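Engineer: Below is one structure. I have some questions about it.
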Amino acid sequence: MMSTETVFESGDQPCIRLEPLKSTHLPGKSTPTGGSCADFTDSSPKATANGLHDIEDRILRITGYYGYNPGYSSHRREDGSESHAETPGSETSMESQSFHTCANTALKVLGGLLMVLCVSSSWVGTTQVVKLTFQSFSCPFFISWFSSNWNILIFPIYYSGHVVTTREKQTPIQKFRECSKLFGEDGMTLKLFVKRTAPFSILWTLTNYLYLLALKKLTATDVSALYCCHKAFVFLLSWIVLKDRFMGVRIVAAIMAITGIVMMAYADGFHGDSFVGVALAVGSASTSALYKVLFKMFLGSANLGEVAHFLSTMGFFNLIFISCVPLILYFTRVEHWGSLSSLPWGYMCGLAGLWLVFNILVHVGVVLTYPILISIGTLLSVPGNAAVDLLKHEVIFSVVRLAATCIICLGFLLMLLPEEWDSVTLRFLATIADKKSEDHGEELTDSSTHTRSRSRANGTVSIPLA
């Protein structure tokens with residue numbers, strides 16, 4: 001049977017197709033000659049199939065079959081499956097593409113986890129080696145100066161990686177001059193060298209020196225927890241100086257960090273080495289935050305090569321201009337040591353190497369992975385140092401110190417929330433609610449379909465009311 005829509009569109013006389021009888025002719029009647037109706041005896045299988053399909057569509061529409069679309073009967077589903085099966089190459093390409101996507105995502109996740117582990121391990125190792133070095137050599141500024149000189153090696157390490165990973169080879173001088181554009185179009189001059197490097201080098205030295213002084217007064221766990229407050233200080237300075245976006249949740253995180261600092265200072269009373277150590281650790285976090293804000297203000301658009309060049313330049317500045325400070329401290333007996341052969345060079349070189357690895361991972365990891373992973377690695381140094389202090393040094397933590405450490409770490413985690421965290425959370429909750437409603441609707445549909453099947457089995461048809 002041919003559909004009536006097709007007949008009317010042709011503009012001919014409408015007629016009704018009937019299944020022909022076997023060579024039976026009614027007397028006195030002739031076969032219609034008008035219109036475009038096909039011969040009854042030569043009706044093609046396709047027309048008969050269409051008639052059966054139209055009847056199936058009407059039955060599905062009357063019975064209210066769930067998910068029914070007009071014109072989407074079984075033969076079209078079969079045709080669609082056949083046409084889909086006719087293109088196995090597209091399925092193979094889609095499967096390979098999805099496999100490569102999953103593989104890249106897995107590699108990126110594994111690389112990020114490895115980066116977090118390396119950052120945390122290097123920072124825990126640096127802090128613990130400092131504590132070991134102080135047992136035989138208690139000169140924090142000399143240790144800080146000696147470790148900062150190793151920053152000179154950062155640019156040669158970057159150039160070695162550049163030569164290995166790129167096809168376009170450049171000489172070290174050419175690459176150094178290319179990265180010197182960070183100081184201006186004319187490159188690096190003596191005036192720009194002192195003007196741009198001196199403030200950052202001084203802040204770098206102060207951060208390390210205050211951190212080492214705090215380790216002489218407090219445990220490694222307390223100092224690493226207090227140093228995590230630098231994230232809150234960075235937000236406050238960026239909000240004031242750089243006019244960054246105001247976020248209420250980060251204000252709450254900053255208040256939590258300040259609360260943790262006060263609790264840490266109150267743990268042993270506001271007196272003695274504990275209070276001085278807390279002040280030194282907070283000072284180290286403050287200078288670190290100021291360094292990062294100034295770096296973002298003046299060198300925020302620097303690439304990896306320019307950052308490596310800048311850190312090596314700070315190492316040269318530290319070697320040339322700050323070398324006089326250890327000598328002054330030596331002759332004034334503030335930091336006095338014996339002969340050079342009596343110094344614990346093994347501990348000092350190990351400390352400087354771990355500090356160098358940490359600085360490289362922090363700056364390179366931002367490019368290779370996500371900045372949030374570097375922050376998480378720094379935060380994980382707190383439980384890492386706590387495990388070492390508890391198992392090796394048998395340190396007993398008071399309840400107040402543990403509560404202060406937990407509050408500071410929680411505030412640090414709140415600082416890691418993205419700027420659009422509220423809208424993302426609302427969309428996520430809305431998606432969950434929609435999924436639950438869809439699952440509930442599918443359950444109701446399955447139950448109604450089961451009821452219809454039972455009614456059909458009993459010889460009845462349920463017709464839904466409009």
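Quick reminder: no glycine exception, Cβ is built from N, Cα and C everywhere.
Note that TrEMBL annotation is computational and uncurated.
So TrEMBL lists the following for this protein:
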- 75-85: compositional bias 'Basic and acidic residues' (COMPBIAS)
- 457-466: compositional bias 'Polar residues' (COMPBIAS)
- 73-96: region 'Disordered' (REGION)
- 440-466: region 'Disordered' (REGION)
- 106-125: transmembrane segment (TRANSMEM)
- 137-159: transmembrane segment (TRANSMEM)
- 193-212: transmembrane segment (TRANSMEM)
- 224-242: transmembrane segment (TRANSMEM)
- 248-267: transmembrane segment (TRANSMEM)
- 274-295: transmembrane segment (TRANSMEM)
- 307-331: transmembrane segment (TRANSMEM)
- 368-388: transmembrane segment (TRANSMEM)
- 395-417: transmembrane segment (TRANSMEM)
Engineer: When only pairs 6 or more apart in sequence are counted, do the transmembrane segment (307-331) and the transmembrane segment (395-417) reach 3 or more Cβ pairs under 8 Å?
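Structural biologist: Counting Cβ pairs under 8 Å, fewer than 3, so no.
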Engineer: Among the recorded stretches 106-125, 137-159, 193-212, 248-267, 395-417, which has the greatest number of Cβ pairs closer than 8 Å to the transmembrane segment (368-388)?
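Structural biologist: That would be 106-125.
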Engineer: Look over the recorded stretches 106-125, 137-159, 193-212, 224-242, 395-417 and say which has the most C-beta pairs under 8 A to the transmembrane segment (248-267).
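Structural biologist: Answer, by Cβ pair count: 395-417.
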Engineer: Among the recorded stretches 106-125, 137-159, 193-212, 395-417, which has the greatest number of Cβ pairs closer than 8 Å to the transmembrane segment (224-242)?
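Structural biologist: Going through each listed stretch, the top one turns out to be 395-417.
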